[in-house]
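Peer 1: First the structure, then my questions, so here it is.
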Amino acid sequence: MRVALGMLWLLALAWPPQARGFCPSQCSCSLHIMGDGSKARTVVCNDPDMTLPPASIPPDTSRLRLERTAIRRVPGEAFRPLGRLEQLWLPYNALSELNALMLRGLRRLRELRLPGNRLAAFPWAALRDAPKLRLLDLQANRLSAVPAEAARFLENLTFLDLSSNQLMRLPQELIVSWAHLETGIFPPGHHPRRVLGLQDNPWACDCRLYDLVHLLDGWAPNLAFIETELRCASPRSLAGVAFSQLELRKCQGPELHPGVASIRSLLGGTALLRCGATGVPGPEMSWRRANGRPLNGTVHQEVSSDGTSWTLLGLPAVSHLDSGDYICQAKNFLGASETVISLIVTEPPTSTEHSGSPGALWARTGGGGEAAAYNNKLVARHVPQIPKPAVLATGPSVPSTKEELTLEHFQMDALGELSDGRAGPSEARMVRSVKVVGDTYHSVSLVWKAPQAKNTTAFSVLYAVFGQHSMRRVIVQPGKTRVTITGLLPKTKYVACVCVQGLVPRKEQCVIFSTNEVVDAENTQQLINVVVISVAIVIALPLTLLVCCSALQKRCRKCFNKDSTEATVTYVNLERLGYSEDGLEELSRHSVSEADRLLSARSSVDFQAFGVKGGRRINEYFC
């Protein structure tokens, strides 16, 4: 017994002091001899019931593997006593958070592997405590973003695996650092290689991935990717498309297009404010008033074929309260840009010059030599409003973005042709029979005929208050010969002309109307219809009642007479049966009424079809 105890004591004394009682009970420890003769201890803990890292890890451990456990978090400075630790592997645990001090004291750490956990965030600043770290494996976690400041903590890495996370994009600072790798710290003739794992992430393919796509195309020769066939997950139109097939544009801040700074509109009319901007991605457009009042209109958004984003603010029936500055804003993630458009609401001018002759129906002279006239030999032509006197163009006029257009008058010859000879007779007379078919106090519908027009022929409708020089233009889509003009003033006389776009309207292509005449006529017609229907009802109703009463009275009399006949016993004269030529007895041809029927058990009606019985003539009479 004493000998056995002595042997055990000797064995205990001979055991290395580093391993004496240091290996945790839930782990396994092993000692390896390295090539240089040094010893390296490896500790492996894979108990599924382990919830925290063990506290009694040997301080000479160089490799620590805590895998497939129930560890959810790592306390701060949990590994600080392990000053010789070079590899820290924590794969396939339940880690959901890491302490920013978890790497404190690990100056020799070269590998940090955390795949298969539940990390939604990573303490990037903790990498400062591990200056020799070269490998960081964060595969199969729940990272949704990498902050821009993380780029300066990842400069020394040669292997970074961010695959199978929830990354949609990477910060520009990180991509730039990868694209400009320095080679000074590497031996001459050796180029640094950085291995990146970015596959299996839901990438949002927009301009922010422009530089990353170029990296995959071999733009940075010092980079190597675990998987180069990255694919888009959004937007839906690009889902599943490989990066190699993308044609992305560089991001660009919003830039507003210069436009009109001030717009004038008549009181009660419709004002249209337009604003356009370019940017990558396309900017979001919005309107607001400079004085903070709410907008009294509708906003429409559209994107033109060249990628310009347009926003249109329509203000119907403007009043003086709508006057003021309107701010158009274009915004994307790179910034915002604004412009101010002023709206001035003016009173509609009234005509003060009148004359009884047809030649002075409509005349007004504007500033700067602009004028408009309407008579038997003058027609209106519209050109964009300019400060100098307007002159006739030799080619088709270019449509202006302004709504208000001025009129220029010119003389027509006896044949009704245009004096400038710009359009042929067939083109000038293409529009015929301009009529007003519908009218309200604020709108009017015009129709016309254009039998020679083609499907591509576009028409323009010009209208203005009768006596004013300022006209508005409505562009009609090709193929249509009807248009409705809205935003008119009630009880106001207007003139409207229809012509082929780019041509001068002729006198017979214009029509003068008032916004109250047709409405009043329609109201009168409706009143006449109501009166006619009322008179018809008054006349027809008594006649209908009279006919019904007469029919009911006749019915009642018939029923009363029938009852009286059956209840009263009367004597009747009997009709004598006549003889036919064939020897048969027949009833006489006289009609037998209800009063002539005989009251008896055997009615004479039974024998009205009388006949021969037993070969003898039978004459029967009943009383």
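Backbone N, Cα and C define each Cβ position, glycine as well.
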Peer 1: Check for me: which candidate out of Cys207, Cys232, Cys328 does Swiss-Prot give as the disulfide partner of Cys275?
Peer 2: Cys328
Peer 1: Specify the nearest of the glycosylation sites Asn156, Asn296, Asn455 to Cys275 (disulfide bond), where nearness means the distance between Cα atoms.
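Peer 2: Closest recorded candidate to Cys275 (disulfide bond) by Cα: Asn296.
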Peer 1: I'd like the Cβ neighbour count for Asn156 (N-linked glycosylation site), meaning other Cβ atoms within 10 Å of its Cβ, all protein chains included.
Peer 2: 12
Peer 1: Please identify, among the glycosylation sites Asn156, Asn296, Asn455, the one with the smallest Cα-Cα distance to Cys328 (disulfide bond).
Peer 2: Asn296
Peer 1: Measure from the Cβ of Cys275 (disulfide bond) and count the other Cβ atoms within 10 Å, all protein chains considered.
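Peer 2: I get 24 for this one.
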Peer 1: Take the Cβ of Asn455 (N-linked glycosylation site) and count every other Cβ within 10 Å, whichever protein chain it belongs to.
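Peer 2: For Asn455 (N-linked glycosylation site), the 10 Å Cβ neighbour count is 6.
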Peer 1: May I ask which residues of the same chain, at least 6 positions away in sequence, place their Cβ under 8 angstroms from the Cβ of Asn296 (N-linked glycosylation site)?
Peer 2: Leu315, Leu321, Asp322
